[in-house]
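Going by TrEMBL, these are the annotated features:
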| type | residues | note |
| --- | --- | --- |
| DOMAIN | B:17-77 | domain 'HTH tetR-type' |
| DNA_BIND | B:40-59 | DNA-binding region |
2 protein chains.
Amino acid sequence: MGAVSATARTPKQDRSRATRQRLLEAAVACLAERGWAGSTVTVVAERAGVSRGAAQHHFPTREDLFTGAIEFVAEQWLVALREHAHALPREGVPRTHAVVGMVVDLYTGPIFRAALHLWVAAANEEQLRPRVTALESRIGREAHRLAVEMLDADEAVTGVRETVQATLDMARGLGLANLLSDDSARRTGIVREWSAVLDGVLRRGI
Amino acid sequence: MGAVSATARTPKQDRSRATRQRLLEAAVACLAERGWAGSTVTVVAERAGVSRGAAQHHFPTREDLFTGAIEFVAEQWLVALREHAHALPREGVPRTHAVVGMVVDLYTGPIFRAALHLWVAAANEEQLRPRVTALESRIGREAHRLAVEMLDADEAVTGVRETVQATLDMARGLGLANLLSDDSARRTGIVREWSAVLDGVLRRGI
């Protein structure tokens, strides 16, 4: 009987999980396209093909839905990045360039665009601010840790930690520069030159 | 008689100019504190102590007022920076550090905070987008030119142009990181290390 109810429960749980994931993905797409002002639970539920009631069952508030969505996609992205790390060039400037390129791709893509809308909205919305502050700091820390690992950076060497942090800040700035117009040509040159400079800083201690 | 009407006209022109300036300054403060959604011509007129009619005489549309405001304060800031350039250390890492610090101060201060709200709102508002795109590219170009001049950077040297651009992008990223919480402690270390690295790139060609 235990076995029967277990098999009976599983498809329902799968459906619930799939619904949740559809809502999270629709929420990120909605934020990226319409900004915070245009992003409501109703709009996202419609886009995901889910009833408003079902959406509210998963995410009681608008803040739950959108902070949950950014967290979900950012984590997915970090996991994917870790999985692809083995495909990177083994060492030297080519590896540094590839890692900087991957980080910059994150910050110039649709996930960052969605996060940026949430981030800026949080500056003026009391309900959002503490959650987005915590979320941003968690994602920032994770991205930093991953960058250090993939760059094989020794943070004990003077200046290495700050230069890796600066690389992430530069990537965020490039994301902003890409918001209103296609900045990819300028960005390619910056990523190339900065990767060479960063590689020099990383190898100083060796 | 010409002299009489000239003296009669001047105080009125002065008042009109003062009103315009009060509106522009109130608009920037309003954007920085309330974001785009909370920034209307009415709110700004009230804050500036100007009638709504007078505000609309100066700025027929909401877009005119807010893009005009960012342009005005950014230009004021660039002029002030140019005037203070003589007080910088004469050369070497201390000068590079001082210049990077000034640029980062711009992007982490209230002007950038206001501009950021306008920038992100422009991503989803058709009426704003072309004007903010043009404004952002103009300010970005001016900031780049000023940075090159103050850093005494020779853009003919390979990588110099891109590294100066990367510095401005990093400054924008630091501005974003400072939006929801005080990031000044982390920023101090980043500015110090970045300045040393940038100075090395600038002196490569010498």
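A Cβ is built for glycine as well, from the same backbone N, Cα and C atoms used for every other residue.
With helix defined as DSSP H, G or I and strand as E or B, the domain 'HTH tetR-type' (B:17-77) counts 49 helix, 0 strand, 12 coil. Remote same-chain residues near the DNA-binding region (B:40-59) are listed as 16, 19-20, 22-23, 25-27, 29-30, 34, 65, 68 (criterion: CB distance under 8 Å, separation of at least six residues from the stretch ends). Residues belonging to the DNA-binding region (B:40-59) score a mean pLDDT of 96 in the model.
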